[in-house]
Amino acid sequence: MTGLFAHTVRPALLAASRADGLRRLVERSPVTRKVVRRFVPGDSLDDVLGSIAVLRDSDRYISIDYLGENVTDVGDATASVQAYLDLLDALGRRSDTAGDGVRPLEVSLKLSALGQALDHDGQKIALDNARTICERAQQVGVWVTVDAEDHTTTDSTLSISGDLRVDFPWLGTVLQAYLRRTFGDCEELATVGARVRLCKGAYEEPASVAYRNGAETTDSYLRCLRVLMAGSGYPMVASHDPSLIAAVPEMVRESGRGADDFEYQMLYGIRDDEQRRLAASGNQLRVYVPFGTRWYGYFMRRLAERPANLAFFARALAQRGH
Ligand SMILES: Cc1cc2nc3c(=O)[nH]c(=O)nc-3n(C[C@H](O)[C@H](O)[C@H](O)COP(=O)(O)OP(=O)(O)OC[C@H]3O[C@@H](n4cnc5c(N)ncnc54)[C@H](O)[C@@H]3O)c2cc1C
């Protein structure tokens, strides 16, 4: 990543990702909506069901995220829960939810979409809402993973995930390698045998809590992954980084794991060829597929990740001008 991008453009995009006025403007623009389709297959349940049918044809596993982070009233949180229940019912009608092993189908949820940030009882509301979703997921044979958001929510999110794991031991938790605390969190979750998705982390965080340099984050990722691989849980390697993916087979061998004892994960629309290659060569590979109308924050974080993603967006806007 170039210095200008990492130090100037990236923080600006991440700051913009939290601006509500800008969100409303951008979400309504027909131009952006077209570009967004590269990362978000659609607004509706039918859109996402169509896209997962294609992904499943090439043996990829799925995690679906209903977009709608940072809700500010209870009604919106309840609407998110209902969207997940409708999604789970639709997934339950598919034939690939049977069996006891690794579930091909999963939903990912952000606790901020379920009310975590609400002034009164936010944590309890989010826990109750997540529990309702986990209960339905269990009934239909689908897994759930709780996404990680900015560092101010980490304690609350890990506490809610821990409570849910008591009743739903298959629940997945996300840890972000850029946070200085994460090595310790990995040690803890690897010991209790949790399913853990390890990612680099997608938010703008201060140096007091996070590594802000790419090389330090990559080193932290490798250290954390080694702990997860050596532990008794199920590691989920969420990254598109070729250097990290190349390091995985040796760690897997060292830990005595088989191909079914961990998985790779990538985002919808990113490194599709690499996703297919990993899945075709006997690995478990899960694609994170977001859908819904509230794609703004997710989309801005993808633009902030890579100059090429921003260039792709700029080119599409420019072509539209001709
Ligand atoms: C399944 C999944 C779930 C996630 N969940 C969360 C979450 O809950 N919370 C959170 O904070 N973050 C989450 N993330 C995002 C994550 O934190 C990172 O922001 C994101 O994955 C980018 O980091 P990276 O490891 O892919 O490496 P990067 O540093 O972005 O990329 C490293 C290298 O990968 C290659 N690469 C990347 N993109 C492309 C591309 N489009 N084409 C070709 N090569 C490419 C390039 O060589 C690049 O230099 C998730 C990511 C994944 C994959």
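Yeah, the Cβs are placed from backbone N, Cα and C, and that goes for glycine too.
TrEMBL annotations: computationally assigned, not manually curated.
Annotation comment: TrEMBL describes Lys110, Arg301, Arg302 as substrate binding site. What TrEMBL records for Gln176, Lys200, Gly201, Ala202, Ser239, His240 is FAD binding site. Summarising the annotation, TrEMBL assigns domain 'Proline dehydrogenase' to 51-313.
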What other residues of this chain sit with their CB within 8 A of the center of the CB atoms of Lys110, Arg301, Arg302, the recorded substrate site?
Ser17, Glu69, Ala202, Pro290, Gly297, Tyr298, Phe299, Met300
Within 8 Å of the Cβ centre of Gln176, Lys200, Gly201, Ala202, Ser239, His240, which other residues of the chain have their Cβ, at the recorded FAD site?
Ala177, Tyr178, Cys199, Thr217, Tyr221, Ala238
For Gly201 (FAD binding site), write down the residues of its own chain that are at least 6 apart in sequence and whose Cβ falls under 8 Å from its Cβ; none is a fine answer.
Ala148, Gln176, Ala177, Tyr178, Leu179, Ala210, Thr217
How many Å lie between the Cα of Ala202 (FAD binding site) and the Cα of Arg302 (substrate binding site)?
8
Pairwise Cα distance maximum in Å, FAD-binding residues per record: Gln176, Lys200, Gly201, Ala202, Ser239, His240:
14
Per-residue pLDDT averaged over the domain 'Proline dehydrogenase' (51-313), given as an integer:
95
Entry from the binding-site residues list Lys110, His240 having the most other CB atoms no farther than 10 A:
Lys110
Residues Lys110, Arg301, Arg302 [recorded substrate binders]: greatest CA to CA distance in Å:
17
Filter the binding-site residues Gln176, Lys200, Arg302 down to those with CB closer than 6 A to an atom of ligand 1; keep them in sequence order.
Gln176, Lys200
Work through the binding-site residues one by one (Gln176, Ser239) and point out the residue whose CB has the fewest other CB atoms within 10 angstroms.
Ser239
